[in-house]
Every structure is written in C-alpha cells, then in structure tokens.
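These come from Swiss-Prot:
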type	residues	note
BINDING	166-173, 191-195, 212-215, 279-282, 308-310	GTP binding site
BINDING	S173, T193	Mg(2+) binding site
DOMAIN	1-159	domain 'Obg'
DOMAIN	160-327	domain 'OBG-type G'
Amino acid sequence: MKFLDQAKVYVRSGSGGAGAVSFRREKFIEFGGPDGGNGGRGGDVWALVVDGLNTLIDYRYQQHFRAKNGGHGKGRNMTGAKGDDVVLRVPVGTQIFEEDNKTLICDLTEVGQRYCLAKGGNGGFGNLHFVTSTNRAPRRANPGLSGEERALWLRLKLIADGGIIGLPNAGKSTFLASVTTAKPKIAAYPFTTLYPHLGVARIDAREFVLADIPGLIEGAHEGVGIGDRFLGHVERCRVLLHLISIQEEDVVKAYQIIRRELETYGNNLSDKTEIVALSQVDTLPIEECKAKQEALQKSVGQPVMMFSAVSHEGLDNVLRSVAHVIEMARADMINKHQD
C-alpha cells in the first residue's frame, strides 16, 4: 500500500429539512387544526480513528464528502428523518487542521476516538410550532438551516516507540528489516526509502514499534527533500536511534548534520533520548571502526554502539538499549497518570 501522510479534504454537513404546513383532516372533525411536523436534522461529518490503517492514501482519490440532508416534516406532526452521517476513517496519529494548514482542530491518538468536523443543520419548524392564542391556524413553516462547509487538512504523524534517523544510506531500512517483519525497499543508493515504514521489534520478551524515517539531509527543517514532514513523524517517538554509516568519511560531521536539523525544527525533538550507533561495521577493518567510534564518542559525549544488520554483530545490544529506554519512558508515563 502506498504511503500518504497529508491530504486536503472538503466536507459539507447536511442541511436541515423544511418544516411542513399541514392541517388535520379527519372525518367528522371540521377544524382539525395544524399538524405540520418539523424537518429532520442534517447529517454530520465525523472523523473516526480505526485500527489497521497507517496511511491517508484513500484521501488522494476521494476528497469531497457530503452528508445527507434531513427529511422534510410531514402531516400528523411527523418529524423528518435525520440525514445520514458521513464518516472519514483515519489512522491513529492523524491531526486535523483548518484550511491554513496551521490551526490545529484535533489530534486523534486512540482507536475509537472521533471528532465532529461539520455539524448538520437543524430542521425547520412545522406550522404546529407557530400556534398561538391569537393564531390557531398558522400557515407558515421554517426552512431548515444550511449545513457547514469546510476545507480541512489531514496530517498523519506516525505513533512509534522509537524513530530510526540518519542520513540517506545510513542503513536504517536494513536495520528495520533485520529486527522486524517489515519489508522496506533496500538498495545501495540514497533516498531508497521515500516514506516511513513501521515494524514491531521483539527482544527478551519485550515488544515495541520502530519507525524507519526517510533519510534526512541538510535543510530538512526547511522542507528540503520534504524533510520537515518526515521530522513530524519523529515527534511522537520516545527514543531516537541515530544511525551513522561507518563508511562516512567524517562520522562526526554526519552526526552533526542531523542534530542541527532536530534542533532547528524545534518541538523538543533535540531533547529526546538518543542512542547513537555506527552501522555497516562489517564493511571496514575493526581497527578503522574503533577509531571512528572513539572520534564520535568524544564529539557526542556518550557511548556509541556499533553493529552490522547483515552479520547481526552487535544487533541485539542495540535493540536492548532501545527497549530499555522505551520501557523507562512507558513507566514514567504510567507514574504521571497515577499522580
């Protein structure tokens, strides 16, 4: 399935039905009086979070959604039928914005959560509603109110426990494919991954979700390579696994490029717990790998791990480190809720 993390939709709720002008007509009742019913309310437009979706691709092909109008009122004080609702099914992590794509309307983070995007118009009053002591047989009724019409942006921010970040060809997709059942495209050229992939990793009976964020480059926070949208997927991650290819001539510079993008993007991305690891260590002699590891450790001020997703050397150690940070973050969240 193709991945789409942003889509514009146009929604319109149903208009209310018109009230009825009607009079009671029965045998032997000469002046039955008014009995016109009210119009039915127009249908609403809802956003609903469903399980099993991880893309907004459906909204590339259908962008206009219109709920049904309410039914007109009828005689015998019968209210018109309510218009049918329209439901936009979206994945967990969908945010909905106004047409300016900046004003947040709602953030949908749980399966089953729903939000009314456009409320149906109320039905008009029938003539029975207008009976007064001085007007026993009114001949007027109200039309229904019009529905709401809005243009909205849907934006998906994947919800993963850990985000795998790094420059293009840092080995992110190979790592994800090695530790999960995800099948991202893997090739020896930059930007193989053009959209995020999710996979479930397991280690020591612990399970967590990892997201392979497409290769970030210098200027990503400004939208270079649509990197600003990719950075948005990192916002919800509990830990960042920052991969640097051991084949980089200057591993320190490669690390700093991504760090600058995180800091410039904002939204506390640079404050997230980060695990730094050198990938593809099976491609260089061990002495050269250790020299690059020491240089990077001096620069980042924390231990730097090394692994190969092909030979699986050091892979479990990296996974255990990621799992430990995620476990601690989950425990902190539970404690906060209890407080």
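Placement of Cβ uses the backbone N, Cα and C atoms for every residue, glycine included.
In sequence order, S279, Q280, V281, D282, G314, L315 are the residues near S308 (GTP binding site), counting only same-chain partners six or more apart with C-beta under 8 A. When Cβ atoms from all protein chains are considered, those within 10 Å of Q280 (GTP binding site) total 24, not counting its own.
The secondary structure of N169 (GTP binding site), as reduced to three states from DSSP, is coil rather than helix or strand. For P214 (GTP binding site), other Cβ atoms within 10 Å of its Cβ number 25.
Taking the Cβ of S173 (Mg(2+) binding site) as centre and 10 Å as the limit, one finds 23 other Cβ atoms among all the protein chains shown.
Each residue contributes its Cα atom, and for G166 (GTP binding site) and S173 (Mg(2+) binding site) those atoms are 11 Å apart.
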